[in-house]
């Protein structure tokens, strides 16, 4: 007998996304703050014999964070599946704070390298944040808006970070009236921006602890002492006493806990009640399914394709992030370029000018993210926009070195044009990949593991990207070809564009707007599979059968001993982005 399940639309999780954003913005501020002064910081170490080699060392510093993040990314994904998203996010902020503190006191290249590596090893937030957003915005119509929030916040942080680094580096030299010689800031000229970043991270840790709610499918029902404390503080200060408008342990748009008045499954009959014949499953004991579903059911071909694409995107974008400030810092050539390929020289800009340029880039990114991304994705579809970006991205790299051909009066305009093109593609591509990856996941319960693998793959590519790009840039300078690294990066982009041809869109959870007919047999199978997943999330790699993506993932309703899960709408073949 089939059972009809009316679908209750959830609200857009505005408040929890706002809290998550306050935590998230701390990281781009810290990460981007080093770019304006990294060239001069490495130069101050005195370990570089040839100025052309600074790009290699700068790339290694950037890569250290990403490589360490790669080595621990899957571990943090598994931990988030087992213990929740919130503890991992808070730990990531703590690790970044510790890293920035060490980095500010670095007086040698090895110390700077270790500081960045420590920050990467203790930070698994890239994948976990993607998972958290996905669990907050399960309605497909909300995904474009929700997944645009974190890149938007990154853009905002990329405005503040470079400005902070450019203005606060070498304070004794720049602000002698305030910072006198002979003090700690003369001995450690790059300490101040890192101290400010650490303070910002402390604020993020406090906000996250007090107001960020757990989003894990099962663990979100558990009481949170931090959230309770935060609500008491808000209530004491005269506020509403809630960050989400829901009960403690729930998240916005998910209703109340079981048994609470007005809850989704409140007694007394409800239009949105449970399936009458759905079997109960003991999460803590032996599940209905004795055989663990194979790993191939989690990492399907579409998921793997998107992870590979994410890695390619991360490789060349991080290469740009590291190389562009170095290019702007590279001294100008004594002679104007005459050959189409053999020419050298940069712009010779100082830290303040570079910080200003990178901050303007952040402003442009934020504007594009806010005004362009949602309508473009809504109109053309996520997959189409992603393919468009990946195909045309090489243009932004090919034209960078040729800015040197412009007359001095137009050189800054050329820099602005390059950044506009590059930022547009970057701002559109990253959230599109996140949406496609979320929709390709067979279950929300394994999103932590999938995003953990994706984050690890991206971190590995980010680790190699800056270092390889720096080596190629140095070799290009020795050969008199400053554009060599940019052209190689463009070649990587071309490979990414070709790979997109085999991608498909679609996914679970949003196409069915009114409800879906789900048989009791399918419900029982789904419950059993998801119970087994919940029971074995310590592996971080378990998922249900392929067809589970066709039954949308409903919320877990946990009691002390029993948890039942119920399917909602969702059809992998019905999405507009289906190719």
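Cβ atoms here come from the backbone N, Cα and C positions, even for glycine.
Any TrEMBL annotation is an automated prediction that lacks curation.
Now, the feature entries from TrEMBL:
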type: DOMAIN; residues: 16-508; note: domain 'Major facilitator superfamily (MFS) profile'
type: TRANSMEM; residues: 17-42; note: transmembrane segment
type: TRANSMEM; residues: 54-76; note: transmembrane segment
type: TRANSMEM; residues: 88-106; note: transmembrane segment
type: TRANSMEM; residues: 112-134; note: transmembrane segment
type: TRANSMEM; residues: 146-168; note: transmembrane segment
type: TRANSMEM; residues: 188-212; note: transmembrane segment
type: TRANSMEM; residues: 299-318; note: transmembrane segment
type: TRANSMEM; residues: 354-373; note: transmembrane segment
type: TRANSMEM; residues: 385-403; note: transmembrane segment
type: TRANSMEM; residues: 409-432; note: transmembrane segment
type: TRANSMEM; residues: 444-465; note: transmembrane segment
type: TRANSMEM; residues: 485-503; note: transmembrane segment
With the transmembrane segment (354-373) as the reference, find which of 54-76, 188-212, 299-318, 409-432 contributes the most Cβ pairs under 8 Å. 409-432
Interface-richest range of 17-42, 54-76, 112-134, 444-465, 485-503 toward the transmembrane segment (188-212), CB pairs under 8 Å: 17-42
For the transmembrane segment (409-432), which recorded stretch in the set 146-168, 299-318, 485-503 gives the largest number of Cβ pairs separated by under 8 Å? 146-168
On the 0 to 100 pLDDT scale, where does the domain 'Major facilitator superfamily (MFS) profile' (16-508) sit on average? 81
